[in-house]
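Per TrEMBL, the feature 5-phospho-alpha-D-ribose 1-diphosphate binding site maps to 90, 113, 114, 115, 116, 117, 118, 119, 120, 121. Per TrEMBL, the feature orotate binding site maps to 117, 145. As annotated by TrEMBL, domain 'Phosphoribosyltransferase' applies to 56-157.
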Ligand SMILES: O=P(O)(O)OC[C@H]1O[C@H](OP(=O)(O)OP(=O)(O)O)[C@H](O)[C@@H]1O
Ligand SMILES: O=C(O)c1cc(=O)[nH]c(=O)[nH]1
């Protein structure tokens with residue numbers, strides 16, 4: 001199934017190579033733009049089905065996706081699981097739950113993401129949810145591109161994994177080659 005999902009990601013133009021500034025501030029020659037595949041609801045259903053199947057085994061009350069990338073993933077997983085899908089968002093750089101969304105003490109929640117790189121957005125989201133007394137039981141994503149071990153105390157359920165080289169800005173060979181760097185994501189605070 002991983003191969004089929006990677007084919008869908010490639011054919012929808014989601015897998016990019018170039019010189020990218022990631023949300024973490026690191027640089028990379030590879031990037032997965034999940035919005036390119038999620039623009040097709042039928043393909044979103046296919047690529048997230050294996051993730052939803054695994055989540056079915058857990059007793060989950062809600063799916064929470066951090067904006068922007070996690071929202072559509074939460075929506076599709078919530079649809080397949082028949083549960084509520086909500087989102088957190090950054091206001092002045094601070095992640096919070098807004099729009100009258102509610103979490104009850106003891107709610108078992110899954111955080112959904114399009115891409116996991118360093119896990120920073122996920123950890124920020126986890127803090128917000130735990131402050132409401134919710135229990136984060138897993139993280140779900142389309143892409144797992146974590147290079148280092150992050151989120152070790154949580155089950156991570158992803159549709160596919162990629163290993164792209166990432167570099168600190170100072171050590172980036174793509175910077176040295178003079179290639180212009182592109183920042184596709186919306187986070188501005190690293
Ligand atoms: O694991 P991390 O290092 O946190 O990186 C992954 C995050 O980066 C991207 O979001 P971004 O903040 O760029 O905003 P976007 O969802 O609007 O693209 C992506 O959607 C994940 O949320
Ligand atoms: O780390 C990121 O910001 C990131 C990497 C990636 O491949 N795709 C994405 O949407 N964000």
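Glycine is treated like the rest: Cβ placed from N, Cα and C.
DSSP gives residue 120 (5-phospho-alpha-D-ribose 1-diphosphate binding site) a helix state. The average pLDDT computed over the domain 'Phosphoribosyltransferase' (56-157) stands at 95. In terms of DSSP helix, strand and coil, the domain 'Phosphoribosyltransferase' (56-157) has 26 helix, 38 strand, 38 coil. Long-range Cβ proximity for residue 118 (5-phospho-alpha-D-ribose 1-diphosphate binding site), meaning a same-chain Cβ under 8 A and a gap of 6 or more residues, is found for 22, 23, 24, 26, 146, 148, 150. Distance between Cα atoms for residue 90 (5-phospho-alpha-D-ribose 1-diphosphate binding site) and residue 117 (orotate binding site): 18 Å, as a whole number. Comparing the binding-site residues 116, 117 on other C-beta atoms within 10 angstroms of each C-beta gives the minimum for 116.
The Cβ of residue 90 (5-phospho-alpha-D-ribose 1-diphosphate binding site) has 17 neighbouring Cβ atoms from other residues within 10 Å, across all protein chains displayed.
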